[in-house]
Every structure is written in C-alpha cells, then in structure tokens.
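Enquirer: The structure's right below; bear with me while I get my questions together.
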Amino acid sequence: MTDDEILAEFRAADALLEGHFILSSGLRSPRYLQCARVLMDPRRGARLAEALAATLPADLRDSIDAVVSPAMGGVIAGHEMGRALGVPAMFLERPEGVFELRRGFRLDAGARVLMMEDVVTTGLSSREAIAAIGRAGGTVVAAASLVDRSGGTADLGVPFFPLIRIDVPTYEADALPPELAAIPAIKPGSRAA
Ligand SMILES: O=P(O)(O)OC[C@H]1O[C@H](OP(=O)(O)OP(=O)(O)O)[C@H](O)[C@@H]1O
Ligand SMILES: O=C(O)c1cc(=O)[nH]c(=O)[nH]1
Ligand SMILES: [Mg+2]
C-alpha cells in the first residue's frame, strides 16, 4: 500500500482530526490521528494490518509467536496484526498504573513477540509495553504501529515498522503558538493525566 492509499483510508474514516489535542505525553498538537475511527471498520483494519505485515522481512514475520499491544489504542490494531500473521494477539493494561498482562494472557518463556501500537509519538507507551512484555517472559523482536508521528525520533530499542510516517507538529504546553492557545484543548486518549 502506498502512503497515499493509506492516507485515503484515514480520510475515508474521518480519522484525521484538527483542533487542539493533549497527547498521551502531555505534548500538544493541532493534529490527531484517531485510529479507533480507522479500525471501527473491521475490513479496513484487516486491509491495513495485511499491508503492514507484508512490509516485515519474511524471516522476521515467520518467526513471530505472538502479538502484544498496549490498551486501549493497541487492542484492535494488535488483534488485526495477529490475524494477519496467524498468531495469538494479547493486550496489556495498567489498572495499577503499570502495563501488565491480565485476563489469563501469558507468554511462553522466550516467546518471540511483535509489540503492536496504533500510534507512536514519543515512544514512551511503546517502551513501557516492551518492558512489560519482557517482565512477562517474552522477547520483543520488533515493534510495529499504524502511524509513526515521532518524526523519526522515537527509539524503541528494537526494529520498528510503522505502516506510515506522518509529520505533524507537537508543542510543549507552555510554548503554544497563538492559534493553538486560542482553541480549548481536548485529550482523546486514556492515559491518566
Ligand atoms: O508514543 P507516545 O508518546 O507514548 O504516544 C502514543 C500513545 O498514545 C496513545 O495512547 P494513550 O496513552 O493516549 O491511551 P489509549 O491507548 O488508551 O488511547 C496511543 O494509543 C499510543 O499508545
Ligand atoms: O500521542 C498521542 O497520544 C496520539 C497522537 C495521535 O495522533 N493519535 C493518537 O491516538 N495518540
Ligand atoms: Mg495507547
């Protein structure tokens, strides 16, 4: 899938939002990629996951035992990647503030895991998820996401395969451009403030 085809899927889903957004990291942005709107169409989600799976090197793709994703945003993205790769898909939650596998999800010792996110901005959520998979006994062999909006700055410590890289600005909360400061901010994600 080309970048234009991927962006067309986001546009068709009304997933390219404009306004004033508080991101998971606390950074602010005039743009938000609402992957939940993309994934609300299961066939669109499956198409995008198939396209992403096809970009993985074949030896890596064939070696993956499981997909593990951080909730909430990663849940459906990870499930579709599990389907595309033909492996189980599990998710991490943080009811106590730190990601953990719950609901009977478990990894065999040394299981080769693909960590799947919806969006990567600073990479913090991805790094926290990768650490949690390690604590659960898995070995993260690669990370993937639908969108990388880090501008190439996110270092996840493992090979990283985003479906698309999108350049969008982010600002510290105390350094907003006037046009952003003039709009009320909303926080679409679920990380506790
Ligand atoms: O790379 P980062 O700076 O960590 O930002 C990206 C993260 O932010 C969003 O999650 P969020 O914490 O908003 O919660 P959600 O997944 O429950 O929506 C998104 O789903 C990623 O997990
Ligand atoms: O950084 C985030 O929290 C974030 C940015 C974005 O564009 N979309 C999203 O779901 N989360
Ligand atoms: Mg998330």
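Note that Cβ sites are derived from N, Cα and C of the backbone, with glycine treated the same way.
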Enquirer: Just to be sure I read the record right: Glu117, Asp118, Val119, Val120, Thr121, Thr122, Gly123, Leu124, Ser125 are listed as binding 5-phospho-alpha-D-ribose 1-diphosphate in TrEMBL. Which of Arg83, Arg94, Arg102, Arg103 is listed for the same site?
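Expert: Among the candidates, TrEMBL records only Arg94 at this 5-phospho-alpha-D-ribose 1-diphosphate site.
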Enquirer: Please identify, from the binding-site residues Thr121, Thr122, the residue with the sparsest Cβ neighbourhood, meaning fewest other Cβ atoms within 10 angstroms.
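Expert: Sparsest of the binding-site residues Thr121, Thr122 by Cβ contacts within 10 Å: Thr122.
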Enquirer: Between Val120 (5-phospho-alpha-D-ribose 1-diphosphate binding site) and Arg149 (orotate binding site), what C-alpha distance do you get in Å?
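Expert: Distance (Cα to Cα, whole Å): 6 Å.
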Enquirer: Rounded to a whole number, how many Å is the Cα of Asp118 (5-phospho-alpha-D-ribose 1-diphosphate binding site) away from the Cα of Arg149 (orotate binding site)?
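Expert: A Cα-Cα distance of 11 Å.
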Enquirer: Among Arg94, Val120, Thr121, Thr122, Leu124, which binding-site residues lie by ligand 2, judged by Cβ under 6 Å to any atom?
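Expert: What lies within reach of ligand 2, judged by Cβ under 6 Å, is Thr121.
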Enquirer: Could you tell me which three-state DSSP class Leu124 (5-phospho-alpha-D-ribose 1-diphosphate binding site) falls into?
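Expert: Note: Leu124 (5-phospho-alpha-D-ribose 1-diphosphate binding site) is helical by DSSP.
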Enquirer: Cβ under 6 Å from ligand 1: which of the binding-site residues Arg94, Thr122, Arg149 qualify?
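Expert: Result: Thr122.
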